[in-house]
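Structure, as structure tokens:
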Amino acid sequence: MAASDAHINSTSIRNAFGNVLAFFILILIGVLAFSIRLFSVIKYESVIHEFDPYFNYRVTQLLNVSRFILYYPSISRYPLGRVIGGTVYPGLTLTAGTLWWILNSINIPLSVETVCVFTAPIFSAFASWATYLLTKEVKGTGAGLTAAVLLAMVPSYISRSVAGSYDNEAVAIFALIITFYLYVKTLNTGSLFYATLNSIAYFYMVCSWGGYTFIINLIPMHALLCIVTGRYSSRLYIAYAPFVVLGTLLASLVPVVGFNAVMTSEHFASFLVFIVIHVVALVYYIKGILSPKMFKVAVALVVSVGLAVCCAMIAVLIALVASSPTKGWSGRSLSLLDPTYASKYIPIIASVSEHQPPTWPSYFMDINVLAFLVPAGIIACFLPLSDASSFVILYIVTSVYFSGVMVRLMLVLAPAACILSGIALSQAFDVFTRSIKFQLPSVFGHSHVDAGDASSESVVPNDVVKTDKSVDTSKEPTSRKSKKREKEPVEKPISKSKIKKRLLVLPLETSIIAIILLVFLGAFYVVHSVWAAAEAYSAPSIVLTSHSHDGLHVFDDFREAYAWLSHNTDVDDKVSFITFPYF
């Protein structure tokens, strides 16, 4: 009893120490994710990059929801102007405005521009922590920590989250990952509380970025996959049904989305799967209350009615889709489904560089060695296959396709690649370190094992002498003890071989070499990520630099031109500026 209590205490102490260590590691990962994105501020200054972020900054200065919705600047697209509330996703600007209000309310006076500059690095730390939570739900704490540190440094995400990159993706990737985490958490727990939080996270994603359509199609695909493969459960129903209902209602509240949440083809898949999952739930419910004979009759009736309803819904959807010239799909969605669509019908979209298909070197530049670790992570997710791991597999498959169509969507691939690479590295280190730990006693502990064997052999004669002297004792217990002693030396090597087979123990030399190679691979990834953050993705587009034998030359012509306009023109003067009309 005392031994079991001591074992329980040691296990609880070990778990508590592991939790504290994981907490401090997560803090360091957040600091790393924030600091690696500050090269632009260090090399230049605290400045907002590019041109769209300046528009977002100007809208953020409103600092009010009602003013944001009703804002109608005539200086944009003069002379018609632009409806801001109905054409811009409000998540980024409202998030930065909320951060500014919180900081100023606790007597940290920062300008709106400073908050906008550092919004992306702050949310990159949040995204790393969300990646830890998601991966932990799939494969445990070790895989979660590894995936979090990989996402903190992945170049594809750094390109959109450096300090000064004040665009929608700055907060949208965090919203994407936290939505997936809450969905997987609901799958694992069956909690309606997490299902509600999942809908709220999806609402934040809808407010932040048009890429929310990826979520509203990926989750129905996974739910349908679970149903088809016979993995339906009440947890799946709780994870999916409230998400569709609450998520659609909340999404329709966003002005830029509105009734598109129920009227466009991007959302129809979620409604069809919603009907299917209710039919399946009804079948399982009937199966539990009826006899087998009555169940067959009821299933035939339910399937017939369900097929009729589905056919009617499909007919209505086809009618709605056929009435639209683009079949209910937006131009960007059609360009993803048909990569040649934009070049044929919307050349202005195809002319944008970030809408072009990526080249093979782009994958190595943006996700680096993770491209080689993803297949190993997919294999690890199949061992064993669960609802959570199947979701991650479906996530990586779809994101690989979309990243191959549009280079901008490499940003969606990055979290999936980090999750699967973290799983692969964690599983690999687990196997290699376990192999070394299993074989080290046989390398360094021969004398200890021999001494133990000799001591056990010397104990047996003493016991035999004692049993000879004791005449009154029965022979049955002694015979059992002797049989037990005879079995012990035989059972030890058998159990050891069984453990070795079950734990997949590799040779010692192979394990050591593999760990060294993985460490070098990680070092190469760190060096490449730091170089990408410092050189490739930190230069703002409004400030240009060049290197020559004289040193570094900085060209600040854009800001000087805007400063000249500001000082030499009136506020009401009009200056023509070419922009993209598809927003």
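Cβ atoms here come from the backbone N, Cα and C positions, even for glycine.
Listed in TrEMBL for this protein:
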- 20-42: transmembrane segment (TRANSMEM)
- 20-420: domain 'Oligosaccharyl transferase STT3 N-terminal' (DOMAIN)
- 84-103: transmembrane segment (TRANSMEM)
- 115-134: transmembrane segment (TRANSMEM)
- 140-158: transmembrane segment (TRANSMEM)
- 170-195: transmembrane segment (TRANSMEM)
- 201-225: transmembrane segment (TRANSMEM)
- 237-262: transmembrane segment (TRANSMEM)
- 268-286: transmembrane segment (TRANSMEM)
- 298-322: transmembrane segment (TRANSMEM)
- 363-383: transmembrane segment (TRANSMEM)
- 390-407: transmembrane segment (TRANSMEM)
- 467-493: region 'Disordered' (REGION)
- 503-527: transmembrane segment (TRANSMEM)
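Averaged across the domain 'Oligosaccharyl transferase STT3 N-terminal' (20-420), pLDDT in this predicted model comes to 87. Within the chain, the transmembrane segment (170-195) has long-range Cβ neighbours (under 8 A, six or more residues past its boundaries) at 91-92, 95, 119-120, 123-124, 126-127, 130-131, 133-134, 137-138, 157, 160-161, 201-202, 204-205, 208-209, 211, 214-215, 219, 233-236, 238-239, 242-243, 387-388, 391, 395, 411-412, 414-415. With a cut-off of 8 Å on Cβ pairs spaced 6 or more residues apart, the transmembrane segment (84-103) and the transmembrane segment (201-225) reach 3 or more such pairs and are scored as touching. With a threshold of 8 Å between CB atoms, the same-chain residues lying at least 6 positions outside the transmembrane segment (237-262) that come near it are 69, 85-90, 183, 186-187, 190-192, 195-196, 198-200, 202-203, 206-207, 212, 216, 219-220, 223, 270-271, 273-274, 277-278, 281. Beyond the ends of the transmembrane segment (201-225), by six or more residues, the same chain brings 89-92, 94-95, 168-169, 171-172, 175-176, 178-180, 182-183, 236, 239-240, 243-244, 247, 250-251, 253-254, 257, 266-267, 269-270, 272-274, 276-277, 332-333, 390-391, 394-395, 398, 402, 409, 412 to within a C-beta distance below 8 angstroms of the stretch.
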